[in-house]
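Taking it in order: structure first as structure tokens, then the write-up.
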Amino acid sequence: MTHGRPARRGGVVLAVATAGIGLGSIPGFLFGYLGPLFEADLGISKPALGVLIGVFFGATGVASTVGGAWAERLGAHKAVGFDLLVVAAGLLLAVLVPTYPSLLVMAAVTGAGYALANAGTNMAVAASIAPARHGVAMAVRTAGVPAIGAVQSLVGVAAAAAFGWRPVLAVVVPVLVVVAVLCFRLLPAARSAGDPAAAVVEAHDLVGDGPGTPRRVRLPAGFGWYPVAAFLLIAGTQPIYSWSVAYLDEVGGMSVATAGALASIGSAVAVVAMIVLAGRADRTGGDRVRPVVLLTAAATAGVALLWLGIVAGPVSMTAGLVLGGVAQLTAIGLMHAAVVATAPDLVGRASGATMAGYYLGALLSAPLFGLSVDATGGYGLGWGVSAGLAAASVLCFVRCRAVTARARAGRAPAN
């Protein structure tokens, strides 16, 4: 009878972590979805909006280099809870002081705080869900981001157009505070065995070490391939979300409303597909990285179809949007499970290092893609370079597969 309690506890942790990571991502979508309203109300130009998006992702990337270690010190519950309070404060600042400088401050502060949420939610889920279910658990956790994005695009944009963006943001603030309290109360601390503040491993069998000689756990050799692969993946696929609506409108001849609806439908399909495919990967077991390699290749094909749409038309564009979005989100969800499998004793630090590469890729991708469109007067160069970057990420994840295999073999007990 009592064996069901850990499962229920894990379900609660997963639900709260999913809500936390999703709500923490609100500023990342905000400037894109509400961009026209910011332009009309505050006189903000499109390049200035691009700066806000870049600052958010850049702050997350830079903070991720230390965010994992800080999450390990604070504990997962405090790391995620603090981030949501920071987002609440940032939105409140924008509501009370509706100026471009205040939006810039909000982007920087909430972006940096999001690094804590990324590491903290990974830690909480990894500690509360059985390893055999990490794939689907990490996929559900990651699904919180596109789910919140879909809500913002379908409900938030319409509400902001009807009532103004400031009342909409004001309504979100108490929701963030409530979920922050839930994080503090319901998420575990989940400090890893390699916690720099608490955990030191007793290594009796290392050559040159005496009995009981302590050493700190380190990330596996070659782990640096994960941040590189994540950087290339997001650099090559971020335009699917940042630029596909404008692309379908300007080149595909669709209305903005139709293009936005397609993007929302694609996100919804991606969430379902991500969870289903992750569950299948869990049932298959074994290699955690191989599905990431295959999905990254599929995402590359999606970007290539978007590129081909310049000459092939809306059918190719739509297929690329759906395939690329589904494959990219699913690959990211399973990538988190692969990171945990590679460094289970340092989940926070490993997640922070990986997401540093990820968000630095997002920082560079969106503005550089926009510059290429302005410079060339078309989307060909941007999509072509994006396809090349995504293809390079496939090769890097192949290297990650070898890194994970070596790390797991090194932890296997000797016969």
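Here the Cβ of each residue, glycine as well, is placed from N, Cα and C on the backbone.
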Original post:
Pick from 147-165, 223-241: which range has transmembrane segment per TrEMBL?
Top reply: 223-241
Original post:
Are the transmembrane segment (321-343) and the transmembrane segment (261-280) close enough that 3 or more Cβ pairs fall under 8 Å, when only pairs 6 or more apart in sequence count?
Top reply: yes
**OP:** Quick one: find which recorded stretch in 79-97, 223-241, 379-398 has the most Cβ pairs under 8 Å with the transmembrane segment (292-315).
**Re:** 379-398
Original post:
Which one, 79-97, 168-187, 223-241, 379-398, has the most C-beta pairs under 8 Å toward the transmembrane segment (355-373)?
Top reply: 223-241
Subject >> Long-range Cβ neighbours of the transmembrane segment (168-187) (under 8 Å; 6 or more residues past either end) >> reply: 12-13, 16-17, 19-20, 23, 26, 76-78, 80-82, 84-85, 87-88, 91-92, 94-95, 120, 124, 156, 159-160
